[in-house]
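For reference, TrEMBL has these:
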DOMAIN    A:29-556  domain 'Cytochrome oxidase subunit I profile'
TRANSMEM  A:46-68  transmembrane segment
TRANSMEM  A:96-118  transmembrane segment
TRANSMEM  A:139-161  transmembrane segment
TRANSMEM  A:190-212  transmembrane segment
TRANSMEM  A:232-258  transmembrane segment
TRANSMEM  A:291-311  transmembrane segment
TRANSMEM  A:323-344  transmembrane segment
TRANSMEM  A:356-381  transmembrane segment
TRANSMEM  A:393-415  transmembrane segment
TRANSMEM  A:427-453  transmembrane segment
TRANSMEM  A:465-488  transmembrane segment
TRANSMEM  A:508-534  transmembrane segment
Amino acid sequence: MASTAIHDTAVLHHHDDHGHDHGHHKETFITKYIFSQDHKMIAKQFLITGIIMAVIAMILSILFRLQLAWPEKSFPLLETFLGSKWAEGGRIKPDFYLALVTIHGTMMVFFVLTAGLSGTFSNLLIPLQLGARDMASPFLNMLSYWFFFTACCIMMASFFVESGPASAGWTVYPPLSALPKAIAGSGTGMTLWLISMVAFIASSLIGALNYISTVLNMRTTGMDMWKMPLTIWAFFLTAIVGVLSFPVLVSAVVLLIFDRSFGTSFYLSDIVVAGQILPNQGGSPVLWQHLFWFLGHPEVYIVIMPALGITSEVIATNSRKPIFGYHAMVYSLIGITVLSFIVWGHHMFVTGMNPFLGGVFMITTLIIAVPSAVKTFNYLATIWRGNLRFTPAMLFAIGLVSFFISGGLTGIFLGNAALDINLHDTYFVVAHFHLVMGAAAIFGMLCGVYHWYPKMFGRLMDERLGYIHFWLTFIGAYLVFFPMHFMGIDGVPRRYYAFTEFAFMQEWLTVNVFITWAAIIAALAQVAFLWNFFYSIWYGKKSSQNPWESNTLEWTAPVEHLHGNWPGEIPSVYRWPYDYSKPGHHEDFIPQTTPFSETMSSNLQHDFEDNPEAELIQQEWERQHAVKSPASEEIK
Amino acid sequence: MDQIPVEDMQSSKARKFLMWLFIISSFMMFAALTSGFIVYTEGNAERGIKVLLPKAFIYSTIIIIVSSITMHLAYISGKKLNFAAQKLYTLVTIVLGIAFFFSQYSAWAVLTEAGAYFVNYNASQSFIYVFTGAHLLHIFAGIIMLIYSLVGKMRNIPQVRNLFRLEVTSIFWHFIDILWIYLYVFLLLNQ
């Protein structure tokens, strides 16, 4: 963009004092692997921490799936591992069941799909795809990871306190969460949950500030906003959503802490616990819902947008076609960003909200279907008649599109204020969000891991294990979540401990057994991934510099990781990132660093929209070579 | 400035931008608190501030506006390489910041005397403490930044870097000035 001319001359300058500033000659184990300020290392730290949290959250889900499928059966093994406090006689206790669903949700939404996804790929790709040596502030970047790590440790610690972890659901609605006496999980576990979330919010905010500032200020020569890969657009807009919504959660959490520990009544009123009337009056529990969902709804877009960005890049690369509707993709992301802030009320249709207000939230919610559908159709149009390469990353990208469609459709039902009266808090909701933001976002993340693994570790992951992983997970996820729609329509509520207590739910027990078996098989499939991931770090096939023949800037950096990413000058950018299979060019990809002067045979007229001089040169060249180039055809 | 490599300039611009982004997120936090106040207070006629705001808030407002002026003077002197004035004005700003602290504290004392406690069944009154308390945390951070840039000046670090610190500090300081005015006007309108 600006100041391009001076930039080049100053780069050599810079590299001399670069060594001075950071002293990367005397890197120790601690500065390289632990308190690293290098964005590539921080990305790997985020990824591996995220994977560990994902495994833990998955094990939690298998535990409560066991309870749902066989509520009467005893598993002595559980008592061996969990002790008699949580699994007396080999059966999960109700308190522990609630803790399991709460912590599973918290970990998946925040630790895996926010920090693990944005943290990994924003850190890895923003500097590499934009041509920057590092983030705007590498120090803050390091701080962001360590806040995240602290948050994870505190959350895990809550399993080891006497009253157990938080159990009020991942949305921790007061008064249940505000009164330590209400349930066991609202004691110390809840306090730890809140502290952990404050650390997590700090981490996310610091990260988001860094991403935005880097994207806006540190792009290389020629990389204007409209030449950025869609991944970067997605990370950038995700960070904006984070900056605007996470502070609101801070406010909500601070008020909840005051209610819990200082005796204020922001959320509390008219409460009777165990026959005792509490003195708190005047508080409004709905206030919490407003504040929470003002973050909570944008949060689901924080989860899905990076996955959509990653998918755009992977689908275009592996279809060997330009992404269909680049501008439409960007504008639909912007549309989702803006709309995400005015739909939070659809989580609160049944709180006694004014029906007129409910109608407003319903309309804004349904409008989100438009940009989402634009993205979906663009993915399909990109794949349409492409030269498809079914790498594991590509399969996961297609898997995301599938989940995004099937989960998104049910969103239209749920966004309806009238239908929501029936569907609210049933398994229909569980099915909806697990498909559209759970499975879809996880698939986006896995797609990113398979695709950029060579960039992170310099080696390739095993493809065959990747295929096994994909098919078992893909089929497993559908088998788990699809039947839940029908349970929800029948009115089965979520979060219930045992289906045996209610006559109308008993007939669903057999379905629960089926779902649990599917979940176990899908969980076992993750072993293939974990083995593949960790084995390949050391023993995988060595990767070439550009294994997927991709256009973006990160593949011009050497395989060996350098502090500063590129030896010598940072490459300049001349074209958009999606010149795949351009007619007239001898290869099916043209990296962003290739100037138009080197691709005279494939240039099109609209490549020169703002540069008549270059267009004249092109026409001159075509006259001399007397070729029937695409450009001259267009002129005719 | 021309001896500074361009990539460093780029990165200092990016780091200055971080401050602006932080201001946005901090503003969002206060926007959430104040809209929380509105949602809460509108819910029921028994809720509301229902107490006269202490006079100390007016003194606080005067103090912080003056401190904003001295902050700006410090920055201007730094730019003109007038080091003595830069140090003096920075110091005055720090003192005014501390005075603001005490002024707010005395306002709390007045409020509790009037029976508007923090732990209160009319949480509209609790909100006053939350607003001012969260704002004081920002003042605290601002004072630390001021001290940091004063120490930088004392240690005689290169003026370019010192000026950068000073500039970032002054952006933040003006923000918390405006933030206080926003909160005060908000409270006055809801009195």
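Each Cβ is built from the backbone N, Cα and C atoms, and glycine gets one as well.
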| message | Six or more residues beyond either end and a Cβ under 8 Å away: which residues meet both conditions relative to the transmembrane segment (A:46-68)? | response | 75, 78, 91-92, 97, 100-101, 103-104, 107-108, 111-112, 115-117, 119-120, 123, 145, 148-149, 152, 156, 442, 445, 449, 456, 497-499, 512, 515-516, 519-520, 523, 526, 530, 533
| message | Give the nonlocal contacts of the transmembrane segment (A:465-488) in its own chain as ranges (CB under 8 Å, at least six residues past its ends). | response | 391-392, 395-396, 399, 402-403, 406, 410, 423, 426-432, 434-435, 439, 443, 446, 450, 508, 511, 514-515, 518-519, 521-522, 524-526, 528-529, 531-532
| Leading stretch by Cβ pairs under 8 Å, where the reference is the transmembrane segment (A:393-415) and the options are A:190-212, A:232-258, A:291-311 | A:291-311
| said: Please determine whether the transmembrane segment (A:190-212) and the transmembrane segment (A:96-118) are in contact (criterion: at least three Cβ-Cβ distances under 8 Å, sequence separation 6 or more). | reply: yes
| Per-residue pLDDT averaged over the domain 'Cytochrome oxidase subunit I profile' (A:29-556) comes to what? | 94
